[in-house]
Amino acid sequence: MKIELASSYGFCFGVKRAIKIAENAGDAATIGPLIHNNEEISRLEKNYNVKTLEGIDELKDEKKAIIRTHGITKNDLAELKKTDIKVIDATCPFVTKPQQICEKMSEEGYDVVIFGDMHHPEVKGVKSYAKGNVYVVLEESELEGIKFKQKVALVSQTTRKVEKFMQIANYLMLHVKELRVFNTICNATFENQEAAKNLAKRADVMIIIGGKNSSNTKQLYLISKNFCEDSYLIESEEELERSWFDGKNLCGISAGASTPDWIIQKVVDRIKKV
């Protein structure tokens, strides 16, 4: 059986940057998981004493606090800056962008629509920067019945599917007088999704590696599943099952933006032994 990696996969710029920031900081606490990958979070805690807290209220004797890649709410950031703790910002610059857009557009009188998961930390942070009406949706149907102002601004969670974002934009174009569309989907997300789709079209089995709480990894899995029925989402090589590969000729592999190369290599090595 041949094993082929997608042409684009794994660690993105924002995650690489955040990992380096955390390693350089050492002896610190992150506000929420730095990234959505439990294996890498454990490595940072073990090797660099970077622990994970659920929120700013858990800070006690820490000297340094690292803001996660997904960002935190505007209010939490303001509260954090009132303390004597050194604040180290590892928010991905691609996440900072929709935060700034929401703040600016709401100040200019626009209603703001965020395409994304309202429970995701990135979306919670982005939403907190809007000062007026703000709506978080995943489906066009959720927009029905909303009485918008004349002006609406649309942004996206950075890890969503472009096609779905365009559907939301098209709906709004038909229902509001003025629409500002800001494509805030990360380029790395788009490239990884396209690469996974192209590989899944040819593969007999697809393995998607990443945190099961990771939005971009889930999107990769769903895209892969559309084109390759035998697609599986795993966090480590321990989840692989021999039966998945029976009678298969091509095994495709992709990985989420928070998945380090060392985990990917472990999966590849295990599959080679099947």
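Note that Cβ sites are derived from N, Cα and C of the backbone, with glycine treated the same way.
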Per Swiss-Prot, member of C92, C251 binding [4Fe-4S] cluster alongside C12, C186: C92
Residue among recorded positions C92, E122, T158, C186 with Cα closest to the Cα of H70 (isopentenyl diphosphate binding site): E122
Other CB atoms within 10 A, centred on C12 ([4Fe-4S] cluster binding site): 27
Close in space, distant in sequence - H36 (isopentenyl diphosphate binding site), Cβ under 8 Å, 6 or more apart: G210, G211, N213, S214, S215, T217, G256, S258
N216 (isopentenyl diphosphate binding site): nearby recorded positions from C12, C92, E122, T158, Cα cut-off 10 Å: T158
